[in-house]
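Here is what TrEMBL records for this protein:
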- 27-46: transmembrane segment (TRANSMEM)
- 58-79: transmembrane segment (TRANSMEM)
- 100-129: transmembrane segment (TRANSMEM)
- 160-183: transmembrane segment (TRANSMEM)
- 195-215: transmembrane segment (TRANSMEM)
- 235-260: transmembrane segment (TRANSMEM)
- 272-297: transmembrane segment (TRANSMEM)
- 335-360: transmembrane segment (TRANSMEM)
- 372-396: transmembrane segment (TRANSMEM)
- 402-423: transmembrane segment (TRANSMEM)
- 444-465: transmembrane segment (TRANSMEM)
- 477-501: transmembrane segment (TRANSMEM)
Amino acid sequence: MAQQPTSAPAGDSASPQKREHWSGQTAFILAAIGSAVGLGNIWRFPGEAYENGGGAFMVPYLIALLTAGIPILFLENAIGHRFRGSAPLAMRRVHRNAEGVGWFHVAICFVIGLYYTAVIAWSLSYFWFSFGLDYADDPAGFFFNDYLQLGSDVTLSAQIVPSVALPLILVWALTIGILALGIHKGVERLNVVGIPLLVVTFGILAFRALSLPGASDGIEALFTPDFSVLTDPEVWIAAYGQVFFSLSLAYGVMITYASYRRRRSNVTGPALVVAFGNSSFSLLAGLAVFATLGFLAQTQGVGVDELENITGVSLSFVTFPAVIAQMPGGQFFGALFFASLVLAGLTSLISVIQTISAAFQDKFGWNPRIAAVAVGLVSAVLSVLGFSTASGLYLLDTVDQWSNQLGIVAGAVGMIAAALWFGRRGHELERHLAAVSTIRPGRYWPVLINVIALLLIYMFVSKAVSLAIDGYGGYPTWYVVVFGWGTILFIGAAGVLMPWLRWHKDIAHPTLWPSREQLGLPAEVGAKVTEQYRPGKDTP
Ligand code: PHE
C-alpha cells in the first residue's frame, strides 16, 4: 500500500533560488488554455473539419482527443510536475541521456516562434486597418500585393517590407517585456487578463456571425457528415495532428508550464479543463467561421462549397476582410476579429518563447530577464529578416510544414521513448499523478501511450515519405531541401549538440516528491539517477 505523501518539500534542492510559481490553479489553467487556444483553433480547426468529412470529422477528432490528446497532456504535466524543470532539465531527470529530446522541443519552439509572431504582426496591422476598412476594395490584392508585397517567384528576398517589419518588431518588444517580468508578473498576468477578454471578444463575434443571414447554410456545410472518410488514414492523421498542434503537445510547452505548479497541486483535473476548454473554443470558432462563410456565399449567390480561400492564412486575411467589408458595422466586427487573433496568438506565442527561455535559465543559470532579452533579441532579428521580406509567406509555409508535421511527431516519440521505454517511468508517473490528483489516470494509461507511440511512428514515416517523394506545395526542390529538410536538420542538431554544454550546477539530484517509497515503488530504481551520478566526472 502506498504511503500517503504528507508534507511537500518547499524548495528544490537543486536550485538555490526557488523555482517560480503560478499564483494558483486558476492562473495555471488560464495560462495553459492561453497556450492551447490560438490560431489553430480559429483558422485551422474549421478548415480541417470542413476538408475532412465535415460532421464526420468529429468522430476521429474526439477519438484523437480521448486516446492521444488527453493521455499525452497528462504525460507532459506529469513529467513537468514531478521533475520540475524546463523541457531539457525535466527530460534529463527522466533519463540521463534524454536531455536532447528536451532541446529538440526547444528548437521546434524557436522555429515556430519566428513565424508565429509574423502572423500576430499581420493581425495587429489588420486590426488597425479595420478602422478605415483599408482592405475593403480588393482584399486579396491588398493582402498579397499592397501589404505583404509578395514576390511572384519563390526566391529569397532581402527586401524588408516596413509595413510588416514594424508591427513585427512591436510584437517582439511586447513579448520580451512580458517574459522579462517572469512567470507570475508577466506570463500569468497576460493570460489572466487576455483569456477572459478573448472569450468576450470572440463571443460577441460568434453571436453576431450566427445572426447573419445565411449563417445556417454555412453551419450545415461544416457539419454535413461524410462518413466515407472514416476509412481514409489521411483523415485520421489530420485529426491526430490537429489535436497535437491545438493542445500544444510535444513542444515542451506543457512540461514547462507544469513545472511552475506547486508540488501539492491537482494535476489531472486542470489538464482535463484545459483539454475540453480548448475543444469548446474550437467548436465555437468553427460555428462562427462557417456562419460567416454562409453569409458570404449568400451575398455572392453561390453555395458554400463554391467559396475559395476558406482555410488558413487566406481565410483570415482575404476572405474575412471581404465579409467585413459587406457587413453592417464591419469596422467594429473587423476590429474585434483581428483583436481576437492578436490575443489568441500572443498568449500562445508567450508559451512558446517561455519554453525556450526556461531552458536557458535552467541550463546556464540566467535570470528570467536576461533569458527573455537574449532569446527574444536573437529571435526578433531572424524573424524580421526571414518573415518581413517579400518572400516571407513562402518561407512560413515551408518551415511550418516540416516543423509541425514532422518535427513534433518525432519529438513526441522521443519523449515517450525516454519516459516509458528507456527511463521505465510509466508506473512512477502514473503513481505520481494518482497521488497528487483527484482524477487518477489508471493502470492502462501507460499502455495507451505505448499504442499512441506506434501510431505516431506510422504517422512520421508516412509523412516523411510523402514529403520526400512528392515535395510540398509545388516549391522547387532546392527550396524544400534547404528550408524544409534544413529545418529538421537544425532541430536535430540542437538535440544532439546542446547536451554537450555544461549545466551551471549539479541538476542530477532532484528532490522528488512524493518520493518513490511514498509512491509504493522500490527505491533503488529511483536512486539510479543519483547512484550512477559520479560527481566531478559526470558534471557535464
Ligand atoms: N496551440 C496553439 C494553437 O492552436 C499553437 C501552439 C503550438 C502554441 C505549439 C504553442 C506551442 O494555435
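Just so you know, the numbers here start at 1 and follow the chain as drawn.
Glycine is treated like the rest: Cβ placed from N, Cα and C.
All annotation found in TrEMBL is predicted automatically rather than curated by experts.
Tertiary neighbourhood of the transmembrane segment (477-501): same-chain residues 88, 92, 99-101, 103-104, 106-108, 110-111, 154, 363, 394-395, 398-399, 401-403, 406-407, 414, 467, 471, 540, selected by CB-CB distance under 8 Å and a gap of 6+ residues from either end. Within its own chain, the transmembrane segment (100-129) has Cβ neighbours under 8 Å at 39, 86-92, 135, 147-148, 163-164, 167-168, 170-172, 175, 250-253, 255, 313, 316-317, 321, 334-335, 338-339, 341-342, 345-346, 348-349, 352-353, 355-356, 359, 379, 382-383, 386-388, 392, 395-396, 399-400, 403-404, 407-408, 410-411, 414-415, 418, 487, 490-492, 494-496, 498-499, counting only residues six or more beyond its boundaries. Below 8 A, the CB atoms of the transmembrane segment (27-46) and the transmembrane segment (335-360) form 3+ pairs separated by six or more positions in the chain. When Cβ distances are compared across the two stretches, the transmembrane segment (444-465) makes contact with the transmembrane segment (235-260), since 3 or more pairs at least 6 residues apart fall below 8 angstroms. Long-range Cβ contacts of the transmembrane segment (372-396) within its own chain (Cβ-Cβ under 8 Å, at least 6 residues beyond either end) map to 110, 113-115, 117-119, 121, 144, 148-151, 154-161, 164-165, 168-169, 172-173, 175-176, 179-180, 313, 353, 356-357, 360, 366, 475, 479, 483. Counting same-chain residues at least six beyond the ends of the transmembrane segment (160-183), those with a Cβ under 8 angstroms from any Cβ of the stretch are 20-22, 117-118, 120-122, 124-125, 147-149, 189-190, 260, 346, 349-350, 353-354, 357, 368-369, 371-373, 375-377, 379-380, 383-385, 387-390, 392. Stretch with the largest number of CB pairs closer than 8 A to the transmembrane segment (195-215), among 58-79, 335-360, 402-423: 335-360.
Taking Cβ pairs closer than 8 Å, the transmembrane segment (272-297) reaches residues 29, 32-33, 36-37, 40-43, 45-46, 49-50, 65, 69-70, 73, 202-203, 205-206, 209-210, 212-222, 246-247, 303-304, 306-307, 310, 315, 319-320, 322-323, 326-327, 439 in its own chain, all 6 or more past its ends.
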